[in-house]
Amino acid sequence: MGAVISLPVSMAGSFVASCFGGCCSNLVTKTASSLGSSSLGTRLLYAVWLLLNSLISWVSYSANKSILWPGKTCTGTGECGFFTVHRLNFALGCLHLILALVLTGVKSTNDVRAALQNSWWSLKFILYLCLIVLSFVIPNDFYIFFSKWVSVPSGAIFILVGLILLVDFAHEWAETCISHVESEDEDSSFWQRFLVLGTTSMYTASIIMTVVMYVMFCHQQCNMNQTAVTVNLILTVITLVLSVNPKIQEANPKSGLAQSSMVSVYCTYLTMSAMSSEPDDKMCNPLVRSSGTRKFSIILGSLFTFIAIAYTTTRAAANSAFQGTNTNGAIYLGNDIEYEGLGGQTRNQLRYEAIKQAVEEGSLPESALYDTAWLGTSSPTGAMDNQNDDERTGTKYNYTLFHVIFFLATQWIAILLTINVTQDDVGDFIPVGRTYFYSWVKIVSAWICYALYGWTVVAPAIMPDRFDYENYY
């Protein structure tokens, strides 16, 4: 039973070493050049970079090794791993801050600085290596100060970003399904079944996880677990009732069970993950005592954690919830007479911005951004002729915001890895996040997520003048 439960809570196996070596050798060469031609490829490369940096940090901390100058960078008691983790993530974080500053204000790929975002991978990797060397020159005392006053607040902000993404995605998913159902085309019945099945499945999964938590983690002496599971169950019921309340739906017709089901299943999973992340000093975590799955679950869970952080980081900057775009007003592409006197690139860029605004409002599908039929003329320089480039006339996301969020992610990883782990949990690999601190982070994060979703549901009823649901979401 422990093995079955540990799989969704933890994630990846003994293939980490071989996969890690292969990724390192190709990251800055062929893969970078082939993927870097599209905005998605670029974001994936940065995510892989973050993942590899996290894995190196984890292995260094587990082995308690320093990459450079161990005689100077380790403490008198032989502690090396803590400072190695902070140095590696400090170096990568500084790289992203430098890129954020350099790329400030870039809104078009015609800007020469845009090339730094989507190419020049060798140069960025060399700069990263230089920053690593520099980070090992800085004394250990600096990282103690930095971790307390920069890494911890940055990690908290990153967690909040992830929660906002989840709530936004819940609304986006439900809205997509409902729009297809209301279109009454040949696929509307499929989308209706998909919406009903998805909602039912997520509520069922929430109930199953709640029962499992009460059975496995809520013994008589486990007051923390009992409280966390009970509060989560109460909040699930509250969000369910709110989402179908007649007054709420009158103010927000798009509110429903679909959004609340996704929030409920995610928050219930977070709570269950918190149970499995706590130490077993009070005999409340049977997964730790399952020796047959212990090392596998540690490796699997650590890799899954890093992948989840990389995904959150990559998705955040391209998400409309963080763009601050005003989505009010009609969309009009204009004609060639209105664009007369403008160059081909300028004309195409104006049209692209109009289509991009329509996509953000939901008036057009995202595929419209990849349709080149709206291009009036090709670039005289041929710079926009690359069919794999989805940023031919404008950036798809805020480059500066993208790198700021990556900086926040590096600091959260540093804190996540270096929070104290009890000695009985230490083996060949240190478990990532097996502390009461991380358990409470997950539990409180679930509560905040419920609060964020509850506000998005209640706010239109409280302040109807500030919400226009024809253009909301």
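Cβ coordinates come from backbone N, Cα and C, glycine included.
Both PRO70 and CYS218 are recorded by Swiss-Prot within identically named topological domains, on the same side of the membrane.
Helix first, then strand, then coil: DSSP counts for the topological domain 'Vacuolar' (105-118) stand at 5 helix, 0 strand, 9 coil. Mean pLDDT for the topological domain 'Cytoplasmic' (62-81) in this predicted model: 82. Counted as Cβ pairs under 8 Å, contacts with the transmembrane segment (399-421) are highest for 145-167 among 39-61, 145-167, 195-217, 229-246.
The transmembrane segment (82-104) shares more Cβ pairs under 8 Å with 119-138 than with any other stretch in the list 119-138, 145-167, 195-217, 229-246, 436-458.
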